[in-house]
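Per Swiss-Prot, the features are as follows:
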- T230, A231, E232, E284, S384: L-serine binding site (BINDING)
- R261, S262, E263, E348, I349, S350, S351: ATP binding site (BINDING)
Amino acid sequence: MLDLKYVRANLDAVKTALANRNQETLLAGFEDLEAGRRTVLAEVEELRRKRNEVSGTIAVMKREGKDAADLMADMKEVSGKIKDLESGLKEKEEALNELLMRIPNIPHESVPVGKDENDNVEVKRRGEPRNFDFEPQAHWDIGEGLGILDFERAARITGSRFPLYFGDGALMERALINFMLMTHTTRHGYKEVLPPFIVNRKTMTGTGQLPKFEEDLFKLEGWEYFLIPTAEVPVTNIHAEEILEEEALPLYYTAFTPCFRSEAGSAGKDTRGLIRQHQFNKVEMVKFSHPDNSYDELEGMLQNAETILQELGLPYRVLNLCTGDIGFGAAKTYDLEVWMPQQGVYREISSCSNCEDFQARRANIRFKSKGKKGTSHVHTLNGSGLAVGRSLAAILENYQQADGSVIIPEVLRPFMGGREVIEK
């Protein structure tokens, strides 16, 4: 959530930022609401001033034994007007707050201006795509051929866009989770968290999923509970309504969770395979940072995600997302995209974002500096480290052999009983 004082003082800059996000209409009504609020506030303050002034006069008259009944009657009427105006003022402030809840973050100055994903800027590439001496197969065909993925049975059990792993497929999924968590906790300094997979409305609002994106969420019927779309939601809210000590920053957390997304608006996209699922596993990284250091922390988080891809031996590239493609709560986002040989394209496998104080303001996460008065909002960062199903899909495609078998990346072998290959 943006700071209302900032929006008031920098309205033109906010309008430009929203226009760069293709969201220029979101501020419609703000100026009218703000003008109405100021008018009512001025009336309230004038009546309060009058009430205080006349109250003093009444006190003097009473001390002097004079009749103040008429003034007291007037003040009773003024108090009633103040009460009514204060109620109207509260309504306007709530309307402004509701409007702010639907306005996205302001992009950082280093974010390229662009309309959509076609304007994202490639930062770097790492690893050379493999030259196959046979026609590479899609990961779903490889997995079904090896008997480790079964989308047909998954569809019977639940419906489309759900995975079902067998044998070495389930083992590799678990190996990836363990490898990612071990790397982040033992080498990158994160503390592992196992959070709830169901959260309440306030928690979803704190990280920015609500109120704007409710249709993308799975809601429990009859409850104000939601299945999490990412571990970012519960982990960021660990410190909601808390004041942290400055010396405790930065805080690093990592968590494995299943994630649940309705994929509203994705009809016809990635209908096969593990790329776009209603349920998928992900290892998440979350940081709470001092505002002065948050962009250094973003670069570090990006490196942490890159390490996983490098250790797995998967070719990838890094994109700096443009203003038209960046997420709702992010001030800056790097996407990591892994090479998928069968499609001949890079596909997203991680997003690393600095949300600055946008989420912290919504969730009321602050820190106190030693020797200073007051508190400030922390900066929050989140990143995939990585999406597990997509990592497995990338391994199947990049490590496939002509006979249909798949070589297991060396770093996963200790988690898979020393196995070197998956074969029929």
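Using N, Cα and C of the backbone, Cβ positions are placed for all residues, glycine too.
Feature annotations (Swiss-Prot) mapped to structure.
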{"residue": "T230", "record": "L-serine binding site", "contacts (Cβ under 8 Å, 6+ apart)": "T257, C259, K282, E284, N382"}
{"residue": "A231", "record": "L-serine binding site", "contacts (Cβ under 8 Å, 6+ apart)": "V193, P195, A255, F256, T257, C259, K282, V283, E284, V286"}
{"residue": "E232", "record": "L-serine binding site", "contacts (Cβ under 8 Å, 6+ apart)": "T207, E284, V286, N382"}
{"residue": "S262", "record": "ATP binding site", "contacts (Cβ under 8 Å, 6+ apart)": "E215, D216, L217, F218, H278"}
{"residue": "E263", "record": "ATP binding site", "contacts (Cβ under 8 Å, 6+ apart)": "R161, D216, R276, Q277, H278"}
{"residue": "E348", "record": "ATP binding site", "contacts (Cβ under 8 Å, 6+ apart)": "D335, L336, E337, R390"}
{"residue": "I349", "record": "ATP binding site", "contacts (Cβ under 8 Å, 6+ apart)": "L309, Y316, L336, E337, V338, S384, L386, A387, R390, S391, A394"}
{"residue": "S350", "record": "ATP binding site", "contacts (Cβ under 8 Å, 6+ apart)": "A305, D335, L336, G383, S384, G385, L386, A387"}
With L-serine as the bound species and T230, A231, E232, E284, S384 as its recorded binding residues, calculate the greatest Cα-Cα distance and give it in Å as a whole number.
9
For S351 (ATP binding site): intrachain residues, at least 6 apart, with Cβ closer than 8 Å
L321, G327, T333, Y334, D335, L336, G383, S384
Among all protein chains shown, how many Cβ atoms are found within 10 Å of the Cβ of R261 (ATP binding site), not counting that one?
20
Using a 10 Å radius on the Cβ of E284 (L-serine binding site), the other Cβ atoms enclosed count 30
DSSP output for S350 (ATP binding site) maps to strand
Starting from the Cβ centroid of T230, A231, E232, E284, S384, the recorded L-serine site, name every other residue in that chain with its Cβ within 8 Å, sequence order please.
V233, V235, A255, T257, C259, K282, V283, M285, V286, N382, G383
Recorded ATP site residues R261, S262, E263, E348, I349, S350, S351, farthest C-alpha pair in Å:
19
Helix, strand or coil at S384 (L-serine binding site) [DSSP, three-state]:
strand
